[in-house]
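Asker: So TrEMBL says this about it:
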MOD_RES   K210  N6-(pyridoxal phosphate)lysine
Amino acid sequence: MSKDFADWHPETALIQGGLERSQHMETAEAIYMTSGYVYSSAEEAEHAFKTDGARYVYSRYANPTVTTLQERLRLLEGAEACVTTSSGMSAVYNALIALLKAGDRVVASKALFGSCQYIINEILPRYGVESEFVDGTDLAQWEAALSKPTQAVFLETPSNPTLEIIDLPAVAELAHKAGATVVVDNVFATPGNQKPLELGADVVIYSATKHIDGQGRCMGGAILGTQEYCKEKVTPFIRHTGPSLSPFNAWILLKGLETLPLRIERQCETALKIAKYFEGNDAFEKVLYPHLESHPQVELARKQMRLGGSMVTFDLKGGKDKAFKFLNALKVATISNNLGDSKTLATHPATTTHQRLSDEERAEMGITDGMLRLSVGLENADDLIRDLDQAIATL
Ligand SMILES: *Cc1c(COP(=O)(O)O)cnc(C)c1O
């Protein structure tokens, strides 16, 4: 049995939570790389199938390494239960589909990670789910959209890549009045830094591929919520449709969790340093960072997020040509559409993550041709600042 972590700080829970040692008494978590489990008698097998969940029967259902990860993530989020998945997108899809059926309605913020938008805009309507998008920062739009009965609300805050903040308690109140379950993708805020469940949300989603692994090694996802929602709605769906997490990936993510608070703290600290250093620099139209004094929603950002996150967005003057020149000049930061890594990664959203959108849609979301998104890693802050400075000097 795992220890009771109710009284311990997250750092402690993320190192020891959910640990169940084998008979060999290993220090590190064991990797149970097995698809199936055996029984010492036919009676034992019969009993296992009669008492669902009492022991491991098949790794699509449950696996000890995966169980340890789920318990640790549950402690991190302060949720009643956690279900892990093979990627962040399978977490988003399963969290929503477990709630919805034909004839239902989902309301979402417009500024979503591309694949999340695809699920809500393209996939769900095919199965008879009506979807409506709102400007997440405009409470009047939420209120209008939620004036009809609605089953699910989906949002990300801060948004990608413009780092706009959505008022979680206000949206949750409107959503609950409409009968909706509020699902928050918390990746951009970073795990542990913003607690959507304490701010009125019902379900939290992570792409564990990002900060939880944090070292670019594997894919994974997590759904956190009430025991009733996870066990009765999500688990049957996952069990029978199969987006289960590999025990090997679960083990990598477990090791990621041990250092997560340290990494998040440092990455957010460096991101703030970079944002402050370049704020007001002539090369940029603006520098966007949730905890920067100049952020239009800085008060809300400080209220909802303990630290400002690991993403900084720059609106470079001179459009795509200058943006490409800047990216190509970087020596420490690397060009990649990924994020949340120990390596600092720079993206040009207009031609990569958001290239599927029309010019009008990008303009409406505030995504300019000169916009660059920086996912701040664990390199030395002064080296990163020096790198960005020398890239500006080439323009
Ligand atoms: C990466 C990401 C996802 C998707 O996660 P995968 O692990 O890539 O499937 C969803 N939402 C946000 C905000 C992300 O950054």
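The backbone N, Cα and C atoms fix where each Cβ goes, glycine too.
Bear in mind that TrEMBL entries carry predicted annotations, made automatically and left uncurated.
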Asker: Sorted by position, what residues of the same chain at least six away from the residue listed as 'N6-(pyridoxal phosphate)lysine' have a C-beta under 8 A from it?
Answerer: G88, V187, N338, L339, G340, D341
Asker: Reduced to three states, what secondary structure does DSSP give the residue listed as 'N6-(pyridoxal phosphate)lysine'?
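Answerer: The three-state answer is coil.
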